[in-house]
């Protein structure tokens, strides 16, 4: 019995000595945070580079770099954390512990883990007492990215980082394991991994987080000066040589930017990025951090390897200190959104260029956007272009840095998936921090400018840093100027966009085109070039713009260009001086190869000729609203609208080119729906622009007068309009088919002896003088007009030219004089001897009825439906004197020119109806009545 008792005591002693002793996870993590490894534990020894740790008293789980383990079963979450803590404790020289989980992962219910098992009541009370919001929710790991890690990952996340890491997660069952897990570890079914209830809890996680955060924060200085990063440049004796030497050692896109707990902290856009998202509230040091980062990059890499495109949507002050850097291609602001859009479109074209020239060395382009929230809100199309740039440019040397004060709500999935490098300075809301870091750490940062969390592709948990800052703006400007002085490029750098459109563009600077019409210099950012914008000689255009947009100047340039080419050009305008300039005179008017219509009558006649296909060349209508208003005032509501609408629809079929200039108020009118090509200039009224259907996307490309957008379809091409050329009258068409002239208010026959070409001229028409024809000497004439219309002058003038006619003035409905005039052989009642009269073509025939020249008032004619007067009206040559309203009743069924356009009576102004056609005339003044 004694022997048996001794053996039993020995066995119990051996068991007690060899029993599995529980290890506190808090102690494990505390040891794991130390830089030196602890002694090797037997469970970790294994050949082939594998490491292992206990998950139960009788089971060891092993792993190696690249493994992605998922623990399943009872308390899988706690065993996963405990296993990772052991491994980091035992293999501290090879692996560091990192936690990519949140507090929410430790508060989710677990039906296999009843509340009474989580510890005694005191533990529960203590956890509640210490569960203060002062403790941050995330569980960061303060480790350097160069050391392989054991990372505990939330099941809702995906692993990020190098293949040397060991990733650990958990799930209730193997079927619920994340798809990225490559190993399933089933934990034992008994309740405890150790004898005591010492598995990790939420309180323990928060305490470890607080200890690590406090330790790291305690090692950070409250302020870091830029000179601490670059002591060799700040205050150096020969800074230029030092900068050149440093450029020779350029690698990747690495630059020192801050200090962390271990010393200088570097950012590398290539390894940590390729794109970055930076957030920080006002006063958090966001602009200072950006300035430090960009200036450090410029000191580390020459302009041949690094270029900047800086976009500031806070007004343009953020990058003023850096504008002297030779790396800066351009600084764009929200004050000129068109230039920003142009640059982004050009950068998207740069992607295609680099894809086609992969064998060439291209500098890396870093696009920095400050306050991209404004860009995303006001210009969502630009944000889409930026995202496309980030997606396609990541492998072609194009990097993005997006900075904003409040990222919440605008950082969507596409931005997050492209922005692997996240920098979060102090923000006000947890939501802002969550959109950048995935947790609320950024909202818990102290109010220290430059204090930030940095997460990257190689460091998913992040690290706490203190950004360096430049205390004086002059120092940043001086360093930028030193970089410029140190840079001596062998050749001018290739820009990713074409030069901007010039402020002034003479037409002679553009290459001539015989069969084209040049509008100006077009800007094609999607092709990274500018090129002349041309039209065929047969075109149909609607030019829209406010007064002062340069619309009339553009129309004049087109008119002079066509005239210099020998084309027929007709212009409808308010006045020649308003369209052609103050120096335009009568001599210019006579040589112009077409009609210059400045009156409603001429304008309406031009529209009629064009709509009938009787006009050739080009018709330009300046200030279309004024034309329609004048026609409506003169001829009644909607006069000319149908003609103009039909002309807009059928101009090409009618064989003419058409250019209509109007303001934005009528841009969407149905009159112009037939014109497919639009040119838009500056529109100063935003309401009118919206009513006209022009989007801000189009209008923001028009920065000033003389800049237009050419829009033949959905595409919109901005261009600088060329200046009008010098007129070349020697090249003008000398005899255009149509050249109308405005009717004068008074037409006097010359006093000089009669010239052959002036013989028998009794009136002026729109096309020139109107002479009497041979058959007019034998026809009856009926002059219709009111008092003061010039009726008496017309009768006397005709009598002077037609001495064989009987004169009958002021007839009434049944005037006996008209009856007597039908008697044979009656002689005229007025002396008709005139040197201007042509001899009667026939001898006096006593059997022939004498033709008459009669005058009558409109009221008498309109109320007479039978008798000699009615018959006379049917066959006589009619001259109707008066306004358009007075002439219109006599013109039913008559193909007539435009009616008189005067408001009151102009003596001698009217319409002559002969051979079934009506012509606008101005009767000459009878010499004796002058």
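Residue positions begin at 1 at the first shown residue.
For all residues, glycine too, the Cβ spot is worked out from N, Cα and C.
Those TrEMBL annotations? Automatic predictions, nothing curated.
Now, the feature entries from TrEMBL:
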type    : residues                               : note
REGION  : 110-132                                : region 'Disordered'
DOMAIN  : 261-434                                : domain 'FtsK'
BINDING : 280, 281, 282, 283, 284, 285, 286, 287 : ATP binding site
ATP site, defined by 280, 281, 282, 283, 284, 285, 286, 287: further same-chain residues with Cβ within 8 Å of the Cβ centre: 405, 425, 426, 449
Sparsest Cβ surroundings (other CB atoms within 10 Å) among the binding-site residues 281, 282, 287: 282
Assigned element (helix, strand, coil) containing residue 283 (ATP binding site), judged by DSSP: coil
Around the Cβ of residue 286 (ATP binding site), the count of other Cβ atoms that are within 10 Å: 27
Sequence-distant neighbours of residue 283 (ATP binding site) in its chain (C-beta under 8 A, six or more apart): 447, 449
Residue among the binding-site residues 280, 285 whose Cβ has the most other Cβ atoms within 10 Å: 280
Confidence summary for the domain 'FtsK' (261-434), mean pLDDT rounded: 88
